[in-house]
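Chemist: The structure under discussion is supplied below as structure tokens; questions concerning it will follow.
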Amino acid sequence: MSLIMFGRTLGEESVRYFERLKRRRDERFGTLESPTPCSTRQGSLGNATQIPFLNFAIDVTRRHQAVIPGIGTLHNCCEYIPLFSATARRAMFGAFLSSTGYNCTPNVVLKPWRYSVNANVSPELKKAVSSVQFYEYSPEEAAPHRNAYSGVMNTFRAFSLSDSFCQLSTFTQRFSYLVETSFESIEECGSHGKRAKVDVPIYGRYKGTLELFQKMILMHTTHFISSVLLGDHADRVDCFLRTVFNTPSVSDSVLEHFKQKSTVFLVPRRHGKTWFLVPLIALVMATFRGIKVGYTAHIRKATEPVFEGIKSRLEQWFGANYVDHVKGESITFSFTDGSYSTAVFASSHNTNGIRGQDFNLLFVDEANFIRPDAVQTIVGFLNQTNCKIIFVSSTNTGKASTSFLYNLRGSSDQLLNVVTYVCDDHMPRVLAHSDVTACSCYVLNKPVFITMDGAMRRTADLFMADSFVQEIVGGRKQNSGGVGFDRPLFTKTARERFILYRPSTVANCAILSSVLYVYVDPAFTSNTRASGTGVAIVGRYKSDWIIFGLEHFFLRALTGTSSSEIGRCVTQCLGHILALHPNTFTNVHVSIEGNSSQDSAVAISLAIAQQFAVLEKGNVLSSAPVLLFYHSIPPGCSVAYPFFLLQKQKTPAVDYFVKRFNSGNIIASQELVSLTVKLGVDPVEYLCKQLDNLTEVIKGGMGNLDTKTYTGKGTTGTMSDDLMVALIMSVYIGSSCIPDSVFMPIK
């Protein structure tokens, strides 16, 4: 008995002695990596974290040092070099991708991830790097670096062995093998199939592919689930998923876009939207324990095939013993540890099925056709912290009542994902020519299982006009007047320069031209929400056009003195400009638009001439220039009248103005005069709001000829463009396009 007690005491003393020796060594030389093999549950996943400490010296102060898992202590700038960080992530996470991960259900054999670290390094570079000799720290110098490295790797090891990460890595590997088997099986012995046209032989090639929008849906789903499961390890999860999806150059801001709580996908018809959601939902349920998925569509008949598809997939992969269901309403998948995941199905006609639920993912299929009251129920899930809503719908925009998702296109690019096969630069050509079906730059490619040619397009449009663009290509709705496409005209750089750069004309009168050009676009209305009178006064500043005055005038009431009031507005603005620039201008060329009313245009011209004469007689101006008016001869008449008829000059006038504006040749004076724009509003910014509404519409003409027009009324057709029209026409008339001989004084 005493021998047994002596042996036990000796053993305990020996253990304590060796522990003291180990602590002394660790304090002197740093912590050594544990050679203990991984447990069965860890599998090869744990081996990925058993990367030994590399003893190499760096000449960097401690404040600029950073410990990178799997490598060691380096300068912290290395973390921000895309090439280095991507390679480091590959070297670290390649072992995780080749492991079997957390096997939560039996009878599932996952195919190893094929990866080689040497694939990223050329043989020549590898040979050159191998010949480099690195200076090593002494044991005492290496101790703090070894301890820091061990601490980082221990944290990384705890992350890699967590149940949540095991589920995430298992999901990515299973989905990878789904693609390998064309979405038929997640087992190594699964049957082969290929989603392709039936008349195209596959020649033994069974590997499937993902469309870009399908990969985007997968990334949105995976990133959001990982942020919910592994919120404390968000940085490491992002690195892992960058490696999984092969997106090393994706920035952190873009990754946040994948984690947002709602996203919208507008995809053309027959492209595999619902077809892709079935295996995605099934695999999410079979991998993530406790997850709750919701699926809703516009009618019950649309939810039933999805319900049956998910149920059959789960039973095919894992057996019927793990799957329980309530016909057409819910599916429950059970795990071996007693946990389970659920999926709930409902149509927009019965939203009570999703009320009161606690979803992590809510898929809204054919969302453009969801009933309005159901939309309110769905949007209510945005208030849930751990729920993401994914709207998926076709690009049907034929009816305003079924296009509420497409109306989001101007609100946020991060929210809306529109799938199309024609880029914005080439969309006008596709819309103008009836045989074009794809983008001529080949940047956007159509799937192999889509038949898209000129004959198909003409056939589709024979059944219903514009059906090709709206239903098949996923483009924009055509204008009622013909084939059309609108796009902004002014560049962002030119617009910012126009707002910020305003030279002083008062201090630089010597370089100003001696001629002022005035254009008046009259409007006889007292409704401030309708069109008003636009007045623009411009001149030359060296080779540039400079704006001296802008007026947007609305009548207080419709009376017999309306023409006189408009004339007074123009005269007052002109008088202020002449007072600010004494002895500078010798001629003023005035153009009064007479398209709406020639009599009123003549009356405005007379009012301006009379009121300007009053200023001259009152000695208000130090020197009065000569006032000349544009004169037109109406058809069938031999007398010239002081008004300007705007006919086909508008398109070339806008072309000239846009070219000069984007070249920086249209500027505003620092002493710009505006008596009608509110004091709290900058007249230049007020003008820019109207310039932003100017769009070009390209229409298909006879044969292959395109015609273009311009509109400044905005998408609703109700925006004001009076000030913009006055400015554009004043610049155009002041150019050499119109001779000075048409300007004459009023006699």
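Cβ from N, Cα, C; glycine included.
Relevant sequence annotations retrieved from Swiss-Prot are reproduced here:
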MOTIF     194-198  motif 'Nuclear localization signal'
MOTIF     267-274  motif 'Walker A motif'
MOTIF     361-366  motif 'Walker B motif'
ACT_SITE  Glu366  active site, for ATPase activity
ACT_SITE  Asp521  active site, for nuclease activity
ACT_SITE  Glu593  active site, for nuclease activity
ACT_SITE  Asp722  active site, for nuclease activity
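Give me the structural setting of these features: burial, nearby parts and distances.
Modeler: Here the motif 'Nuclear localization signal' (194-198) has a mean pLDDT of 36 out of 100.
Across the motif 'Walker A motif' (267-274), DSSP classifies residues as 2 helix, 1 strand, 5 coil.
Cβ atoms under 8 Å from those of the motif 'Walker B motif' (361-366) belong to residues 221, 224-225, 273-274, 277, 281, 284, 291-298, 302, 306, 354, 378, 381, 387-394 of the same chain, restricted to positions at least 6 beyond its ends.
The number of other Cβ atoms within 10 Å of the Cβ belonging to Glu366 (active site, for ATPase activity), over all protein chains shown, comes to 20.
In the three-state DSSP reading, Asp521 (active site, for nuclease activity) counts as strand.
For the recorded site, Glu593 (active site, for nuclease activity), the DSSP three-state label reads strand. Other C-beta atoms found within 10 angstroms of the C-beta of Glu593 (active site, for nuclease activity) number 24, with every protein chain shown included.
Sequence-distant neighbours of Asp722 (active site, for nuclease activity) (same chain, 6+ residues apart, CB-CB distance under 8 A): Asp521, Ala523, Ser531, Gly532, Thr533, Gly534, His552, Gln690.
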Chemist: Around the C-beta of Asp521 (active site, for nuclease activity), how many further C-beta atoms are within 10 angstroms, looking at every protein chain?
Modeler: 28
Chemist: Do you know the DSSP helix, strand and coil residue counts for the motif 'Walker B motif' (361-366)?
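Modeler: The counts are 0 helix, 5 strand, 1 coil.
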Chemist: Could you measure between Glu593 (active site, for nuclease activity) and Glu366 (active site, for ATPase activity) for me? Cα positions, answer in whole angstrom.
Modeler: 51
Chemist: Check the DSSP secondary structure of Asp722 (active site, for nuclease activity), expressed as helix, strand or coil.
Modeler: helix
